[in-house]
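Engineer: Sharing a structure, written as structure tokens. Questions coming.
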Amino acid sequence: MKIKQAIDKIPGGLMLVPLFLGAFCNTFTPGAGKFLGSFSNGLITGTIPILAVWFFCMGASIELKATGSMLKKSGVLVVTKLATAWVVAMIAGAFLPGDGIQNGLLAGISVLALVAAMDMTNGGLYAALMNQYGSKEEAGAFVLMSLESGPLMTMVILGASGIATFEPQLFVGAVLPFLIGFTLGNLDPDLRKLFGNSVQTLIPFFAFALGNTINLSVILQTGFAGIFLGVLVIIVTGIPLILADKFIGGGNGTAGIAASSSAGAAVATPLLIANMAPEFAPVAQQATALVATSVIVTSVLVPIITALWAKRFSPKHA
């Protein structure tokens with residue numbers, strides 16, 4: 001059976017298929033983890049430890065060596081995306097209630113959902129698109145995008161906007177596995193290869209555990225809001241990214257469009273933030289479902305828009 005091949009045909013499938021399987025299990029057999037115990041319970045409830053290993057391996061996979069132009073392009077896109085998410089957090093924090101929108105088609109939208117969906121780029125999607133529609137240097141710019149992975153930047157944005165307060169040790173705890181992996185990976189290429197190969201392997205495991213924190217009814221209830229959030233991510237982050245790419249990064253805007261997506265890893269952010277800041281616990285489940293939908297929407301729309309933009313503004317694709 002070509003199971004992996006079928007999963008790869010689904011946008012973000014490696015993350016989303018196990019996520020929905022986990023949600024299915026949690027909806028219809030919510031006590032399975034406690035009933036089975038032992039290793040099975042670890043797989044079902046082990047989101048945090050599995051993610052800790054994934055962050056370590058992600059850090060180990062990043063090679064420090066990069067050209068100046070590559071770092072410039074990557075830095076421009078990362079800073080622009082994070083700055084945009086911060087502005088959104090400031091505006092949303094002033095108008096949205098702390099527990100998010102409770103009624104109507106946009107029920108479930110919260111500051112946490114908005115920031116989590118907007119502050120992290122799908123680096124794999126970006127690299128694939130720029131390999132096709134950009135230059136090798138532009139494709140290689142995804143190197144710094146890996147630094148967005150995990151809850152650290154979301155914590156910084158929520159803290160800087162005054163929406164949440166985190167103890168200093170929580171920032172250290174959030175980034176330490178990544179930094180240790182990054183250090184080891186750059187000290188020894190063999191370790192980088194060893195741990196780097198595990199990044200993709202671990203995704204289905206933390207996705208399944210994460211899915212076991214979600215009820216399918218929440219996903220159904222937030223369907224329209226999730227689609228709206230995905231489109232909003234492309235518009236709100238895409239426009240500043242295009243402008244930054246053109247006027248600072250020296251590109252034609254294609255890289256900006258390619259970076260205007262929600263990363264699959266962002267689906268885990270609401271739960272991680274709620275784990276450190278309990279005031280977000282009431283909105284974490286809905287935010288997770290919304291970000292998951294946003295990942296699907298942006299994974300489908302961003303390649304289409306990028307292709308159209310490149311055809312219009314890139315000479316070699318005109």
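Each Cβ is built from the backbone N, Cα and C atoms, and glycine gets one as well.
Features from Swiss-Prot:
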type	residues	note
TRANSMEM	10-30	transmembrane segment
TRANSMEM	42-62	transmembrane segment
TRANSMEM	76-96	transmembrane segment
TRANSMEM	105-125	transmembrane segment
TRANSMEM	139-159	transmembrane segment
TRANSMEM	162-182	transmembrane segment
TRANSMEM	199-219	transmembrane segment
TRANSMEM	224-244	transmembrane segment
TRANSMEM	254-274	transmembrane segment
TRANSMEM	289-309	transmembrane segment
Engineer: Can you tell me which recorded stretch out of 42-62, 199-219, 254-274, 289-309 has the most Cβ pairs within less than 8 Å of the transmembrane segment (76-96)?
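Structural biologist: The stretch with the most contacts is 254-274.
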Engineer: Could you check if the transmembrane segment (139-159) is in contact with the transmembrane segment (254-274), meaning 3+ Cβ pairs under 8 Å among residue pairs at least 6 apart in sequence?
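Structural biologist: Answer yes: the transmembrane segment (139-159) meets the transmembrane segment (254-274) with 3 or more Cβ pairs below 8 Å.
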Engineer: Tally Cβ pairs under 8 Å between the transmembrane segment (105-125) and each listed stretch (10-30, 42-62, 162-182, 199-219, 254-274), then give the stretch with the top tally.
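Structural biologist: Ranked by Cβ pairs under 8 Å, first place goes to 254-274.
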Engineer: Answer with yes or no whether the transmembrane segment (162-182) touches the transmembrane segment (224-244) by the criterion of at least three Cβ pairs under 8 A, sequence separation 6 or more.
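Structural biologist: These two segments do not touch.
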Engineer: Quick check for me: are there 3+ Cβ pairs below 8 Å between the transmembrane segment (199-219) and the transmembrane segment (254-274), leaving out pairs under 6 residues apart?
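Structural biologist: These two segments touch.
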Engineer: What else in the chain is close to the transmembrane segment (254-274), if you only count residues 6 or more beyond its ends and a Cβ gap under 8 Å?
Structural biologist: 12, 14-16, 19, 47-48, 51, 73, 77, 80-81, 112-113, 116-123, 125-126, 129-130, 133-134, 138, 141, 145, 148-151, 154-155, 158, 164, 174, 203, 206-207, 210, 213, 230, 233-234, 237-238, 240-246, 280-281, 283-285, 287-288, 291-292, 294-295, 297-299, 302, 305-306, 309-310, 313-314
Engineer: Can you work out which residues elsewhere in the same chain, 6+ from the ends of the transmembrane segment (42-62), have a Cβ less than 8 Å from its Cβ atoms?
Structural biologist: 22, 25, 32-33, 36, 143, 146-147, 149-150, 177-186, 191-192, 194-196, 198-199, 202-203, 205-206, 208-210, 212-213, 268, 271-272, 275
